[in-house]
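Working notes for the structure below.
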Amino acid sequence: MYADIIVDISHENLDKTYQYAIPDSLLNKVKVGTLVKVPFGKGNRFLKGYVVGLSDIPSWDPERIKPVAEVEEKGLMIESQLIQLAYWIKDNYGSTMNDALKTVIPVKKKVKAKEKKQIELVADHRVASQYLGEFRRKKYSGKVRLLEALLEFGILDQEIVKNKLSVGRETVKSLERDGLIRVVTEQLYRNPVKNLVQSVSHVRLNETQQQIADAVINEYQNGIRKTYYIHGITGSGKTEVYMEIIAKVVAEGKQVIMLIPEISLTYQTVMRFYSRFGDRVSFLHSKLSGGERYDQYFRAKNGEIDIMIGPRSALFTPFQNLGFIIIDEEHEGSYKSESPPKYHAREAALERARLTGSSVLLGSATPSVESYQKALSGEYKLFTMDKRAGHAKLPKVWIVDLREELKKQNKSIFSYKLKELMEDRLLHKQQIMLFLNRRGYAGFVSCRSCGHVMKCPHCDVSLTSHNNGALICHYCGYEEVMPKACPSCGSKFIASFGTGTQKVEELVRREFPMARVLRMDTDTTSKKGGHEEILSAFKNQEADILIGTQMIVKGHDFPNVTLVGVLAADLSLFSSDYRSGERTFQLLAQAAGRAGRGELDGEVVIQTYQPEHYSIVAAATENYQQFYEQEIAYRTLMSYPPAEHMVAVMIASKEEEKARIASKVLYNRLEYTQNDAADTEQNKDAIVKIIGPVKASVSKINDIYRWVIYLKCKEYEKLKELKNMLQVYMEQEEFFKKCSVQFDFDPIHSY
Ligand code: ADP
Ligand code: ZN
Ligand code: ZN
């Protein structure tokens, strides 16, 4: 047996592995993740290294492969744990070990230790104010700006002084000579929340909250480790429960990771946690530089913090003594990685919890179907919170049938009901949010007279219109031409759909010329901070109407919003994707949750061509159970996850022919293996369905051609076996050197 070993885990070249032989005496001690000592280089200097792979094939002359010298056994190091987790990710999702290691091991990029300079006011306010008066008289505008800002804030980053206040070095020096200010230098590895104040008061949990927190903490303190689920409507007080549990787990000397979607990591959230946990909590988010990010991991490893909050990557925080992992908004798509390894943070969290003996708590107002199924089956312990914690009531919801509007000659994007309510709100100076369901961009084709949607005759998904006028099914490759009239009612009003936010803004301005309008989408938020800027402008009531996509339905509370309009609720229903019903329910329930968060009652208008669709009916009443029962029946019928597991095998090549042939070859290989197995297989659950190969829905990106094969099976292990079989096969075949093949297990979107 041979082991692949990395001798320098903290460096950028994680891919540099060396092969060593494992002596018989150490055979059962050497596993992936084990820390070992090996002779290295010409002088055979002994170095420590980690095992990242095992194999029985020598990579070169076996005579010259040196043996592992010894196994280090002093406790399980955090690196060992993370390497084990990387191995699990590689094995479970089909990536290279190198990609998996890069995902889990925070790597220090070679950045110069940044030195941060700050300008601090040292004179007392009375003296400073006198100087300020004098500077104003003398019209020393630079000095005035700096002193005004310092009188307000006390201390400022030099960067802000230089770039935002446009105050030059000479001005700073001059004030320093006057004894008004000083320049402080701070070695950067800083706590991003250090300068905030910690407050002691926090809310008293209500009965439901207390019961849940007690149940979890009791079991934790008794050494019981399991997975919990809180299904609680928006505003029911889940976050308060999380904080209570965190406090108790930390008091046991353990550490906690809490995952939340980046979009929910607002200033308010940060402040809430900081004011409860002070310096012991840290946050990871995409605005941190590589160096700052590394600093946060380093603080965690050093025991300087107990709580790490952040999106997906926070899961790999190197806590030595992890005890609990919380995943808020567990259903969020952003927990699934889009690039290899295509892991799901929720599943990887369960694995990390298993490796470390931690418990896991999942929470959401709109659970994912897979998690809820596990909660119902008892695999997760389920708690329910069905009332809002504060005084806010649930909003009144109107479902508007857009087919009826057309019959009434209303061709505008605003139904009569929505228009009437918008006028009312503008009159009363209350705010409005208009939500456009962006998933519809995939371009499904529907009839505006009867609502008929063009669907594939073989699969229960909508066809997607392509530029050349063809309608294509992305699951099976079925193709037909775009009809001139609706096949159901004969109307000419059949067209592919997709109204952009920009277009909506234009129409709003035309219809309500007096209203102040803000738009939030990827165009308006692309610059740094654009997102926060728009939200805070709206919160400060600098606009009457906020138009946006998914982005506006999450995060902030706007107490003055009393009307939410969903312009075309079904745009997401017929994207060619088996999760579209789930996504629609989640988006609508969340959008509805935005109205009436404050003292004022809220109303919601959902405009749709499918008023009877279960996702829409259930979302209007925030009735998750009702939605779940319909959805799980559909998934079971169609063998979609979680009824069966699914893997997308994505084949890509620069050469069109190569991609097509490669996908055909892999398909044949799979079918051959399956036919072989089917003869002997007794277990019905192990039967694999092979679908494809078909062109991917975006069949060419950057001149790379893409094909896809879908595999479905009840047993995840079986799909893993096939993945491993394909990987071994492709390694041996020269032909596959020019193709890239990626695996996506239980994909959250179609290819
Ligand atoms: P969720 O995480 O379920 O959306 P939060 O924990 O954010 O809910 O609570 C929603 C609002 O209700 C917050 O403003 C929070 O401060 C408040 N809140 C939560 N629990 C209580 C409580 N026990 N007493 C008073 N207010 C509460
Ligand atoms: Zn089809
Ligand atoms: Zn029709």
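Cβ coordinates come from backbone N, Cα and C, glycine included.
TrEMBL labels come from automatic prediction, so no person has curated them.
What TrEMBL records for 219-385 is domain 'Helicase ATP-binding'. Among the features that TrEMBL reports, Zn(2+) 1 binding site is placed at CYS447, CYS450, CYS486, CYS489. Annotation comment: TrEMBL describes CYS456, CYS459, CYS473, CYS476 as Zn(2+) 2 binding site. Feature annotation from TrEMBL assigns domain 'Helicase C-terminal' to 481-648.
Feature annotations (TrEMBL) mapped to structure.
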| residue | record | CB count, 10 Å |
| --- | --- | --- |
| CYS447 | Zn(2+) 1 binding site | 23 |
| CYS450 | Zn(2+) 1 binding site | 17 |
| CYS456 | Zn(2+) 2 binding site | 21 |
| CYS473 | Zn(2+) 2 binding site | 22 |
| CYS476 | Zn(2+) 2 binding site | 16 |
| CYS486 | Zn(2+) 1 binding site | 20 |
| CYS489 | Zn(2+) 1 binding site | 13 |
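A distance of 15 Å separates the Cα atom of CYS456 (Zn(2+) 2 binding site) from that of CYS486 (Zn(2+) 1 binding site). Regional average pLDDT for the domain 'Helicase C-terminal' (481-648) in the model is 83.
Between CYS450 (Zn(2+) 1 binding site) and CYS473 (Zn(2+) 2 binding site), the C-alpha separation comes to 22 Å. A separation of roughly 18 Å, to the nearest angstrom, links the Cα atoms of CYS447 (Zn(2+) 1 binding site) and CYS473 (Zn(2+) 2 binding site). In this structure, the CA atom of CYS489 (Zn(2+) 1 binding site) is 27 Å away from the CA atom of CYS476 (Zn(2+) 2 binding site). Taking the mean position of the Cβ atoms of CYS447, CYS450, CYS486, CYS489 as the Zn(2+) 1 site, the remaining residues of that chain whose Cβ falls within 8 Å of it are ARG448, SER449, GLY451, HIS452, PRO487, SER488, GLY490, SER491, PHE493, ILE494.
DSSP assigns CYS450 (Zn(2+) 1 binding site) to coil, not to a helix or a strand. For CYS476 (Zn(2+) 2 binding site) paired with CYS486 (Zn(2+) 1 binding site), the C-alpha to C-alpha distance reads 23 Å. In the vicinity of ligand 2, defined as a Cβ distance under 6 Å, the following of the binding-site residues CYS447, CYS450, CYS473, CYS476, CYS486, CYS489 are placed: CYS473, CYS476. Taking the C-alpha positions, the distance from CYS486 (Zn(2+) 1 binding site) to CYS473 (Zn(2+) 2 binding site) comes to 18 Å.
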